[in-house]
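Copied over from TrEMBL, here are the features:
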- B:704-762: domain 'CBS' (DOMAIN)
- B:89-110: transmembrane segment (TRANSMEM)
- B:138-159: transmembrane segment (TRANSMEM)
- B:189-206: transmembrane segment (TRANSMEM)
- B:250-272: transmembrane segment (TRANSMEM)
- B:284-307: transmembrane segment (TRANSMEM)
- B:339-361: transmembrane segment (TRANSMEM)
- B:376-396: transmembrane segment (TRANSMEM)
- B:450-469: transmembrane segment (TRANSMEM)
- B:475-497: transmembrane segment (TRANSMEM)
- B:509-533: transmembrane segment (TRANSMEM)
- B:539-560: transmembrane segment (TRANSMEM)
Amino acid sequence: MAPLRCLLQLLPALALALRPAAGEARRPLALEALGEAEALAEELWGAGLPGDLPELEPECRRLLAAFAEGSAALTGCLGRRARPVRLCQACHRHYRHLLAQYGNIARAVGNSSESHNCAKSILTSDRLQIVVTLSEFFNETWEAANCANCLKNSSEGLSNSTVEFLDLFNKSLTCFEHNLQGQTIYLSPNNYTEVCKNCNETYKKLNDLYNNLQRMNRQGGESGHSAHLCIDVEDAMNITRKLWSRTFNCSVPCSDTVPVIAVSSFILFLPIVFYLSSFLHSKQKKRILILPKRIQSNASLVNIQEKYS
Amino acid sequence: MTHFLFSPQLTPSSFLRIGQLSNVDLNEDIRELETELPRQHPNEIPHNEKLLSLKYESLDYDNSENQLFLEEERRINHTAFRTVEIKRWVICAMIGILTGLVACFIDIVVENLAGLKYRVVKGNIDKFTEKGGLSFSLLLWATLNASVVMVGSVIVAFIEPVAAGSGIPQIKCYLNGVKIPHVVRLKTLVIKVCGVILSVVGGLAVGKEGPMIHSGAVIAAGISQGRSTSLKRDFKIFEYFRRDTEKRDFVSAGAAAGVSAAFGAPVGGVLFSLEEGASFWNQFLTWRIFFASMISTFTLNSVLSVYHGNAWDLSSPGLINFGRFDNEKMGYTIQEIPIFIFMGVVGGILGALFNALNYWLTMFRIRYIHRPCLQVVEAMLVAAVTATVGFVMIYCSRDCQPIQGSTVAYPLQLFCADGEYNSMATAFFNTPEKSVVNLFHDPPGSYNPMTLGMFTLMYFFLACWTYGLTVSAGVFIPSLLIGAAWGRLFGISLSYLTKGSIWADPGKYALMGAAAQLGGIVRMTLSLTVIMMEATGNVTYGFPIMLVLMTAKIVGDYFVEGLYDMHIQLQSVPFLHWEAPVTSHSLTAREVMSAPVTCLRRIERVGTVVDILSDTSSNHNGFPVVESNPDATQVAGLRGLILRSQLIVLLKHKVFVERANLSLVQRRLKLKDFRDAYPRFPPIQSIHVSQDERECMIDLSEFMNPSPYTVPQEASLPRVFKLFRALGLRHLVVVDNRNEVVGMVTRKDLARYRLGKEGLEELSLAQT
């Protein structure tokens with residue numbers, strides 16, 4: 001009973017998490033945190049360095065702050081969307097943003113009178129190179145999640161197939177929820193036949209769509225892309241499959257052990273027959289010995305012939 | 001006056017013989033005397049391992065230095081020799097390229113056909129898992145396997161039986177100097193290639209690596225001759241290389257190129273040729289062979305990378321890639337070395353068990369399953385049973401693993417939850433090469449110990465049963481697979497026992513297990529170490545792999561000998577090992593040699609020659625030529641040695657003394673005429689000699705080898721053996737102190753003596 005209740009609580013949460021816009025609402029909070037950090041930084045800077053030696057041009061400082069803000073926002077988004085995985089849907093804007101900001105830093109030329117620019121002073125002037133590290137981290141995460149796979153080519157918004165998939169996914173979750181609520185009345189935890197029967201169609205569709213996506217990806221994705229779909233889709237499918245075959249126990253395959261045993265023992269029996277029959281019926285191959293032409297055998301041959309005669 | 005019989009003065013009393021033998025071994029002596037009696041009647045015995053077949057001839061590695069040869073060599077000047085040298089390099093390059101291409105062909109065809117088969121079966125299983133009726137899938141799988149293997153077996157059994165097996169024993173024999181009929185023919189190559197494709201696609205427990213070595217050897221033999229007798233085409237090139245000595249050198253290059261293409265191991269290939277074949281070696285040859293190997297792996301690499309769509313990437317150097325073993329986890333510490341050595345011991349024992357089982361099976365096969373149709377049926381049964389065993393194992397397994405990306409080529413879900421696959425199926429429902437790589441590289445936890453244990457057990461027996469079938473297939477990959485499975489199991493239980501994550505990665509143990517098992521079965525040492533090292537691409541593994549292989553060999557040799565040697569022996573091949581048997585010093589050439597010898601006079605009557613050659617009871621190949629004294633009482637000293645093939649060419653061209661006088665315009669016979677007939681000299685029956693011609697005389701002095709190697713009667717067996725092995729001789733004349741022929745030592749006379757369980761054993765000759 002306990003798992004069922006748990007599940008029922010979980011389902012609405014899953015559905016809620018799907019709404020892509022949810023991430024935007026929390027923006028001010030992130031900004032607040034950023035502001036604090038910036039203030040602290042300012043403080044330290046003011047205390048540590050004499051004012052007449054400006055370490056960083058104001059322009060560059062602005063870019064750096066923007067980057068810091070962007071990365072904080074992205075980190076927050078990634079963290080919040082870790083389980084159930086909604087990274088690509090929720091955070092792709094943040095990621096694009098951050099890319100742009102990093103691009104600004106890398107490209108930006110600071111005060112033209114000075115010989116150095118922002119890129120140099122921010123990205124390469126110390127051992128740690130934290131900005132580069134951060135940006136690499138985000139890029140790698142994005143690559144690993146393979147988000148590009150479920151976004152449109154221009155990275156603006158989800159691709160059509162992904163949207164379709166997520167719709168279907170929502171539909172099946174709703175279906176599960178619906179049927180389970182009906183079933184709680186019977187209080188029979190291991191009997192989910194109702195769900196299995198009613199949601200079979202949706203589930204099958206979802207499964208087929210996923211397999212299709214995977215196949216298409218494998219065919220088209222030979223040029224560089226890995227064979228994975230994007231993590232959101234994969235995770236959604238995983239959750240559904242687990243629910244379907246583990247929790248609901250819906251996919252009960254027909255096990256036909258008796259015919260399998262019969263056929264296999266028949267086949268396994270054949271070699272025994274074969275070997276026995278060839279042992280009994282086949283004429284054993286005989287070798288004809290040849291007497292070597294050698295001195296001693298010659299001699300003994302003579303001896304023996306003498307004996308016999 | 002046809003034969004020179006030396007029996008009068010050479011009938012030593014049996015007393016003398018016993019006196020000489022008494023210092024060998026008393027038991028041996030008694031045994032020999034006992035077996036002497038029944039041997040008198042030409043008798044039939046069941047096949048056993050202590051036989052030497054008459055079927056196998058020796059190769060003529062020793063150049064016949066007759067007048068023709070000397071004249072030709074004198075004509076060739078310095079630049080011509082340089083051209084010959086360049087031609088050798090060109091041939092080696094061609095060997096490399098063609099071997100690489102053949103390997104590519106095999107690889108691509110196997111990949112596609114096997115992919116097709118597995119997709120069909122997988123589709124079928126998926127369909128029937130839902131609806132029920134999996135027994136049909138089983139039948140489908142078994143039938144598909146059996147029918148594919150049937151085709152593969154039919155072509156081998158009915159067209160070219162010598163293409164059966166891995167071909168390594170045959171090439172070993174060839175390089176040792178034994179002429180195995182048909183072994184380096186184009187037909188054999190075609191059958192071998194098709195056969196190996198079919199047997200791998202047929203799902204047998206076999207690999208396609210061993211046959212690559214044979215294929216490389218055939219390619220080498222074919223190219224270096226510049227013609228194909230199977231196709232009846234003569235390209236009129238490379239005529240200089242048409243003799244056994246040159247051909248052997250190229251064949252060793254071809255074998256090396258084959259190994260190199262199979263494992264992506266060029267150095268390993270060179271060392272393989274060195275270890276298996278090289279009683280005759282020089283450093284220029286080594287360098288050329290290395291060149292051929294490198295070309296071969298490079299060709300394979302570039303063609304396959306183009307095929308896989310990433311040209312210029314060069315990431316697939318061999319047919320099997322062990323994958324990269326160079327990350328942090330795969331390193332080993334010094335504490336693990338005793339563990340590796342222990343694995344070597346296990347590998348040796350399991351290898352010996354494998355060989356012993358295979359020995360009994362092979363003996364049974366030779367005795368009872370000798371008809372081609374029975375052989376085909378047997379191969380089909382093995383294929384069907386292999387499929388059945390695989391299916392039952394997959395069916396019974398409850399080991400489900402989540403699918404991760406596309407690491408598994410054909411994930412079978414069967415009774416697993418959606419999104420998971422049956423992990424037994426990754427091992428059974430795949431080509432063996434892929435299974436090996438999976439066992440090496442799948443992350444820890446991909447297999448549960450039960451699965452691995454069952455898999456090892458089943459595959460061990462299947463592989464053992466499969467080797468020796470009449471299909472062309474190798475034993476390398478199955479051995480590696482068995483070893484990898486128990487090695488991984490070992491690694492898992494080790495980390496389970498120590499409860500620590502220090503020795504976390506089971507892939508490393510899978511590799512060591514694979515090395516141990518393979519070493520325990522084939523007992524190769526140096527070349528196998530290098531092959532494994534190159535295939536893993538990790539030099540630091542060299543040391544543990546060497547230790548493992550050493551231990552496996554020592555332990556295995558304690559029980560039975562290596563698989564290849566065993567099969568060579570079971571085929572009754574007169575194989576000469578590196579050294580004479582250790583206790584053979586008491587034997588002298590006099591006891592070893594065959595006598596009496598059929599000799600020819602320097603100027604011999606044609607009729608006599610024809611009679612000697614057509615005598616079926618004495619199928620000799622070399623005849624000592626003695627001085628043609630009119631009266632037999634005088635000493636007839638040895639003048640030279642002439643070969644059957646030379647005599648046949650002489651008879652064919654009718655080089656008779658009388659005819660030379662009659663028609664002066666007739667051109668002199670050149671060395672070219674002998675070469676053109678090589679390597680398939682016509683049988684004597686096909687040469688027509690009229691009654692008048694029988695009375696003609698034939699002068700052999702120009703064509704015989706005037707300086708044959710001889711030994712006195714007192715030379716010991718090891719000494720004779722050394723001469724034979726080092727010079728690659730075919731005939732060694734035994735003379736007395738008057739330079740009179742008393743006997744002849746051939747390969748079979750030496751190969752008869754073998755060190756058995758109770759001292760020195762003597763094999764008997766048999767017609768097979």
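Using N, Cα and C of the backbone, Cβ positions are placed for all residues, glycine too.
The stretch in closest packing with the transmembrane segment (B:376-396), judged by the count of Cβ pairs under 8 Å and taken from B:89-110, B:250-272, B:339-361, B:450-469, is B:450-469. Sequence-remote contacts of a segment are chain residues at least 6 beyond its ends whose Cβ falls under 8 Å from one of its Cβ atoms, and for the transmembrane segment (B:509-533) they are 168, 259, 263, 265, 267-269, 271-272, 274-276, 322, 325, 340, 343-344, 346-352, 354-355, 436, 439-440, 475-476, 479-488, 490-491, 494, 539, 541-542, 544-546, 548-553, 555-557, 561-565. When the domain 'CBS' (B:704-762) is classified with DSSP, helix, strand and coil residues number 16 helix, 25 strand, 18 coil.
The list of residues near the transmembrane segment (B:539-560) in space but at least 6 beyond its ends in sequence, with Cβ under 8 angstroms from a Cβ of it, reads 325, 331-332, 336-337, 340-341, 343-345, 347-349, 351-352, 355-356, 359, 511-512, 515-517, 519-521, 523-525, 528-530, 532-533, 566. Between the transmembrane segment (B:475-497) and the transmembrane segment (B:284-307) there are fewer than 3 Cβ pairs closer than 8 Å, counting only residues 6 or more apart in sequence, so the two stretches are not in contact. The transmembrane segment (B:89-110) is in contact with the transmembrane segment (B:284-307), judged by 3+ CB-CB distances under 8 Å for residue pairs 6 or more apart in sequence.
Here the transmembrane segment (B:250-272) has Cβ contacts under 8 Å with residues 91-92, 95-96, 99-100, 102-103, 171, 174-175, 184, 208-210, 212-221, 223-224, 241, 278, 285-286, 288-290, 292-297, 299-301, 316-321, 476, 524, 526-528, 530-531, 533-535 of the same chain, all six or more residues outside its ends. Long-range contacts of the transmembrane segment (B:339-361) within the same chain: residues 332, 460-461, 463-465, 467-468, 479, 482-483, 486-487, 490, 494, 509, 512-513, 515-521, 523, 544, 547-556, 558-563, 566, 570, each at least 6 residues beyond the stretch ends and with a Cβ under 8 Å from a Cβ of the stretch. Per-residue confidence over the domain 'CBS' (B:704-762) averages 87 (mean pLDDT, predicted model).
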